[in-house]
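Reading through the structure tokens given below for one structure.
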């Protein structure tokens with residue numbers, strides 16, 4: 001009854017989560033508007049460049065007084081305290097409203113150019129300058145600018161170390177003053193950094209455009225090398241492992257000899273016989289290297305480590321041989337089921353879909369606010385400044401009388417409704433479903449691969465008895481029969497990961513607090529849940545293997561896998577470390593080898609391909625891409641190999657417990673494992689009672 005109650009609670013939890021998922025998805029897609037991210041918004045809440053609107057051909061946002069915008073961050077957040085309009089192009093010259101108004105009769109072209117940066121419909125050059133600037137009908141000045149992030153930024157540049165705008169160091173501010181370009185220093189510094197980043201970004205883009213096919217060739221080479229490494233592990237796993245082990249023993253042995261040589265060399269030197277206690281704490285570590293006691297301590301520690309390693313090799317030699325045999329068997333299994341090497345592509349596609357779903361829904365949630373308008377007043381003492389307002393009724397209020405020149409302009413997107421108050425909760429729900437779906441995609445891949453490799457192990461005659469298309473058959477079984485178990489395991493892991501996300505969020509928010517107990521408690525909780533997540537990943541992985549073998553539910557499979565591993569805990573530890581080492585060595589070998597080849601190629605140091613190598617701005621751009629990509633390609637191939645070894649190991653442990661090597665219950669393991677276990681372990685078990 002208890003088990004039934006637990007399962008019923010789990011089912012209810014799944015249904016509740018599905019309802020929550022549907023609720024926030026509906027709210028996000030109904031209220032969200034991604035145009036708020038794609039298009040800039042002017043002071044009237046209208047999108048710049050949106051089709052079928054008056055701003056369709058006006059794709060750039062223009063700021064009346066750029067001096068009020070101290071940094072690009074303010075501009076991008078649309079909270080600059082000045083009028084913002086959509087324009088078709090940025091200004092390309094210096095001009096002030098005073099000068100243009102004074103000359104509009106005999107220079108109408110200047111007025112026609114200037115008024116395109118005024119409010120739509122304004123065409124009254126006879127209006128007094130004071131009233132125009134008070135009502136912000138037109139900007140007091142325009143300066144040469146260029147579009148960036150769909151916004152007009154001043155065209156800053158440096159000439160002989162002097163900051164200039166269009167090669168000028170001064171400009172008229174439109175209010176009767178001539179100002180130096182250095183008055184824009186604070187804004188210029190931030191904008192120049194952005195523009196420099198843009199320049200670097202363009203160069204990086206050019207490098208990718210020139211070298212993309214060479215990058216693909218490098219990744220293809222990494223794939224071939226990874227495949228060859230896995231195939232050769234059948235013959236080299238034992239050799240690589242023992243070379244490493246004896247190499248470590250030799251290095252430690254040399255360390256022992258060197259410590260003894262230093263200890264003997266310091267004999268008779270004045271002061272070398274002092275103890276660490278005598279000289280106390282010293283910031284210069286080299287002082288301790290002049291003491292015989294230091295080298296004696298190093299020698300003793302290295303001797304202890306050497307003895308421990310040798311004893312472990314003596315007492316665990318048989319288990320190490322079994323681990324190496326399983327590694328070779330894994331390479332043989334992959335050789336028979338080569339299609340498994342390409343299954344990570346399916347997992348990658350599923351995870352990419354999950355990421356896209358999460359990102360799109362998060363954007364819709366983030367843009368689901370309504371336009372908020374606030375009073376923008378030129379007078380600093382206006383009591384209505386920064387208060388919310390309604391642009392439709394603003395002109396009928398007394399705000400314009402009390403604060404001449406005040407306007408009701410767009411500020412940001414938000415809201416005060418119940419829905420807007422819970423957007424953060426919806427974002428958490430979106431993150432939770434994202435974690436759940438990603439874990440489910442990973443679980444599906446693990447169960448599919450485990451089923452394919454289990455069909456190899458339990459085949460009496462290999463490869464004759466291996467079923468046709470084992471990978472596709474295993475995938476079909478996982479989808480048809482085990483979806484609930486995989487979803488339940490992914491749900492448990494997603495809950496723990498969401499708790500970790502919340503703890504990280506709380507730690508970020510409380511970073512400035514002086515409460516040491518709170519920081520200590522958060523640190524402990526983060527550590528505990530990190531350990532819990534690692535443990536659950538280990539349990540889930542082995543539970544999915546048992547699900548693929550026996551087809552039982554998640555809880556039963558997790559319990560059986562856990563106790564089976566506990567009965568073989570030493571073998572688990574040895575196999576895990578041996579596998580980790582060999583696969584890490586393989587990843588470094590693939591990424592390092594392909595990286596060295598790419599380095600010599602992109603730096604044109606290979607005479608045969610010197611003419612073929614592209615000329616790059618930054619050769620490290622494709623080089624890092626090839627190295628990181630090669631590591632990821634190797635990781636994808638080797639993750640299949642690791643799953644194969646884990647599956648074969650659980651099957652091996654089950655084989656030992658279910659069978660006794662007799663004619664009635666023969667072992668399914670390979671002949672190499674037979675020879676390693678020996679006759680004693682292969683002898684039939686005596687019947688009890």
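Glycine is treated like the rest: Cβ placed from N, Cα and C.
Range annotated as transmembrane segment by TrEMBL, chosen from 295-316, 361-382, 383-404, 405-426: 295-316. Looking at 182-200, 239-257, 258-276, the range tied to transmembrane segment in TrEMBL is 239-257.
Scored by C-beta pairs under 8 angstroms, the transmembrane segment (581-602) has its highest count with 212-232, from the stretches 212-232, 295-316, 336-360, 479-503. Among 212-232, 239-257, 295-316, 336-360, 479-503, 212-232 has the largest number of CB pairs under 8 A with the transmembrane segment (623-643). Sequence-distant contacts of the transmembrane segment (336-360), counting only residues of its own chain at least 6 positions beyond either end whose CB sits under 8 Å from a CB of the stretch, comprise 34, 227, 230, 430-431, 433-434, 437-438, 441-442, 444-445, 448-449, 452-453, 456, 462-463, 466, 469-472, 636-637, 639-640, 644. Panel annotation: around the transmembrane segment (295-316), residues 245, 248-249, 252-253, 255-256, 259-260, 262-263, 266, 289, 570, 574 of the same chain, lying at least six beyond its termini, place a Cβ under 8 Å from a Cβ of the stretch.
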